[in-house]
Amino acid sequence: MAATDVQRASNEEKRSLAMSGHVGFDSLPDQLVSKSVTQGFCFNILCVGETGIGKSTLMNTLFNTTFETEEASHYENGVCLRPRTYDLQESNVHLKLTIVDTVGFGDQINKDDSYRSVVDYIDTQFENYLQEELKIRRSLFNFHDSRIHVCLYFITPTGHSLKSLDLVTMKKLDSKVNIIPIIAKADTISKSELHKFKIKIMSELVSNGVQIYQFPTDDDAVAEINSVMNAHLPFAVVGSTEEVKVGNKLVRARQYPWGVVQVENESHCDFVKLREMLIRVNMEDLREQTHTRHYELYRRCKLEEMGFKDNDPDTQPFSLQETYEAKRKEFLSELQRKEEEMRQMFVNKVKETEAELKERERELQEKFMQLKRIHQEESKKVEDKRRDLEEEMNSFNRRKAAMEALQSQSFQATSQQPLKKDKDRKN
């Protein structure tokens, strides 16, 4: 019997029965809540945006606390992701919150690879979770899940259009993380410009195929509010932890010479909408989407690379041992092929080196013979010059000896004439 037939038969055999008394499995939701509260929750936020755009301030405002952060410089050589984990507690619910900041994002002159560090970080967290899942003795209960649940993408309030860096980065991230675009420092542009800017942003995201996170509408309990809030994306937010007195009460706001921008006033900005959607309504859906959609996509690709794959219902499923053996044979075959390629490459390299050495030896031999001929020619020239010089010296010596003999004879003849005159005078 095929697998589909078995499944069809099992579906037909299901029957609804009435119980005559209370059993107790209606407490399962309470058990799940109790277990979840005891275990606690984790939530990981990735803040992507340029330095000084207000990422840290918004996080402080969202969670109504002050997180310890370091001042970021505008002169970073590259993009560095800096995670910080905090333990928060509200009522009896414990939350392990991790905020990951993209230090130096958008500060470089060449921004082509700015997104790469962000993508690598997200993949690394997926890989860490996958490695824990694949362990023989795994402990996912105690494992710190560092997978990114939401990416808050901070858009500079230019009022014109998205930067190419923003489009490229969000396109690279949309299949790996839930993206919620937000317009930072929304109090720097007018309401009319802000409305046009929102429309322009959503139009560019759609035209470039960027898939941002849509608040779910399949749950009747939150379908209406989520549907309304989807129409408000991207949220235009203002962050501030300072309290300003407005009327008779203190509110979180930004004080300007021309007035006050209240953070939690929905007519001033979308901060309340962001907080409602991110924390109070859809936090669990963000965690679930991360696991069931983005992580599963990464896991499937990795397992397919390792040789695992799903089978059709009508085919015989592969066992783990068969998959391992097939992958092992493939690996050994690939290793043998690589070894043969390296051996052949080494042989070719040796032959090339020998040919180069022989060619060099021939060139050196030719140069040696040429120098030897030049030396012989120069030696012959020197010998000829020496011989000519010796002949000139011998000729000179002969002429000198003849000259000296002639001078000696002339001197003797000259000295004899006075003696002869003296003799003649005496006679």
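Cβ coordinates come from backbone N, Cα and C, glycine included.
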Region 'G3 motif' range according to Swiss-Prot, out of 69-72, 101-104, 109-112, 321-324: 101-104
Region 'G4 motif' range according to Swiss-Prot, out of 116-119, 164-167, 184-187, 280-283: 184-187
Binding-site residues: Lys55, Lys185, Lys191 - member with fewest neighbouring CB atoms within 10 Å: Lys191
Positions whose Cβ lies under 8 angstroms from the compositional bias 'Polar residues' (406-418), at least six residues beyond its ends: none
List of residues, in chain order, with Cβ under 8 A from that of Gly49 (GTP binding site) and at least 6 apart: Lys55, Thr102, Phe105, Gly106, Leu152, Tyr153, Phe154, Ile155, Thr156, Ala184
Most Cβ neighbours inside 10 Å, all chains, among the binding-site residues Gly52, Gly239: Gly239
Cβ neighbours of Thr188 (GTP binding site) where a neighbour is any other Cβ within 10 Å: 14
